[in-house]
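Record features, source Swiss-Prot:
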DOMAIN    1-59  domain 'TGS'
REGION    240-532  region 'Catalytic'
BINDING   C332, H383, H509  Zn(2+) binding site
Amino acid sequence: MIRITFSAEQKVKEYSGKVTGFDILQPDVLKEAIAFKVNGELHDLSREIEADAEIEVIQLSDEAGLDIIRHDAAHIMAQAVKELFPNTQITIGPTIQDGFYYDFATGRTFTTDDLTAIEKKMKEIVKSNHRFVREVWTRKQAIDFFSDIGEKYKVDIISSIPEGENLTVYRQGDFIDLCRGPHSPSTGRVKAFKLMKVAGAYWRGDAKGPMLQRIYGTAWRNKDELNAYLECLKEAEKRDHRKIAKDMDLFHIQEEAVGQVFWHEQGYILYNVLESYIRKKLINNGYFEVKTPILVSKELWEKSGHWDKFRENMFIVDESESKKLAIKPMNCPCHVQIFNSHTRSYRDLPIRMAEFGTCHRNESSGSLHGLMRVRGFTQDDAHIFCMEEQVNSETIKFCDLLKEVYSELGFNEISVKFSDRPDVRAGDDEVWDRAEKALLEAVKEAGLSYELSPGEGAFYGPKLEFVLKDAIGRSWQCGTLQVDFILPERLGAFYIGADGHKHHPVMLHRAILGTFERFIGILIENYAGKFPVWLAPTQLAILTITNEADGYATKISNVLKEQGVRVKTDLTNEKISYKIRLHSLNKVPILWIVGKNEVTSKTVSVRNLGSERQESFSLEKAIELLLKSINLN
């Protein structure tokens, strides 16, 4: 007998032999079911349960169900490509955020017309409602099969699997693909999808390997969700920070400094406003600021462990044959050196050490994307050196600070990913128990929702990742807090405890923005360049209608500059309609228009960005309203 526990109802049923999901689920449940979990592991509904198990049904409404449908769509696309272009070889086709892709080796370049034809063929395959059939093959059987049909990339993948180990393939109609699974019951479950674009990709990500063509697609639960996603993409395209930055003259990136930002005047003003804002928050929350070298000897990176784990992403400089230096990819080992420069007491802890640290990482050129992925960046980095019993209170304080910053920057929807202990880790389980408990309690006390990422913590400690949602519903992982038991020990950091003995501090790595570059990119897209007045690079533009108003405009400008207002004065001879259009394109939030009448009456005509309405105010009142809009508090 096999005992099956249905987790949703907490019911137990017994069966005389092996059963599948189709055997044990009711017809109304099967209608919505995509797959099921058997003792926590995802299975196809057709896969046999061979022993006592607890099951959980996965529906399309679940994230796991949607991911399976996207995986189905990748296989359907591969089948469609093979039917239309038989000489194409298939490689890999995983799911990604919002969709899927498949890499193909082919002598042709896929065109827009090809994508249309592939999509049409996919719809035919969906309509055919082929069953997804899981088969277990031996390694030799799989190599022989894929060799016979000329799929050398599949053979390459299988060859890396240990001899004697079985593998699984999935069959849909006449098409067979190597795959771990699971899949939904049939191709007909894929209701709403669209192919998006073609890009180049190297086999196994190796630039020395063959160049493949990658077709990206998206798949959703229904057509309404698909259409909503496509509309969101259109809006995201309008908000592309690279396009807006060009209109606003914020920054540029060029081939001679790939992945590094040339900040223009307006962009650097924005950068400095954000930095000053964060600096003030840090000071008010008990942090002190430091500055550490950019170029650091290989020896320190070896001690910290980064040389072994991170060397491929480091820019290395040979000072001599025997001495190597590396441009720092992160700040943490340098901060430990400052901690170590004095003998510390338990009474000194916690120590909150912050740095706007300039770092460089050798990211592949294909991964670079405007401000969102760069090689040279500045982190709003800080490290908290504390005792183990202080981890909880410091995490609560950090969560409160992060929520305050995100809210004031316009992000009120925040979630947390909690990553607990991986299989390979340092430290004993009791220490991990206490650290994980401290983080979870802090997140709950801060009123933040969280989801668990089992086993995703670093080998040296658990971590929190803070995800914010922007104006068009996209999620961005920005803030982090990571507990580190290992680095202080490796680098000889200690404090004298109440018992008079040396103890290693716990180190909390934390950031709110992540990097200034990426966060500014997110801000640009969130606001579509229309920043709140306090954050805008230029807060006010004073536009003259006639030369007779030049002196009045200049005098106002000087008064406002003395009060810290970022103001520009346009005294050009252009028509006022042109000036309004120009500064509106530059996303200046407030325009003051002055002509002969305003000079005489000591007034200004106020026009806000996005409005065609102009309102006249006395100069005194206009200044009062302006300063009020600038003041965050």
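In case you wondered, yes, glycine gets a Cβ from its N, Cα and C as well.
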Among H383, H509, the one of these binding-site residues whose Cβ has the fewest neighbouring Cβ atoms within 10 Å: H509
Helix, strand and coil totals (DSSP H, G, I; E, B; other) for the domain 'TGS' (1-59): 10 helix, 28 strand, 21 coil
Other C-beta atoms that fall within 10 angstroms of the C-beta of C332 (Zn(2+) binding site): 22
Cβ-based neighbourhood (8 Å from the centroid) of the Zn(2+) site, residues C332, H383, H509 excluded: M330, N331, H335, D381, A382, Q482, D484, L487, M507, L508, R510
Where C332 (Zn(2+) binding site) sits in the secondary structure, as DSSP reduces it to three classes: helix
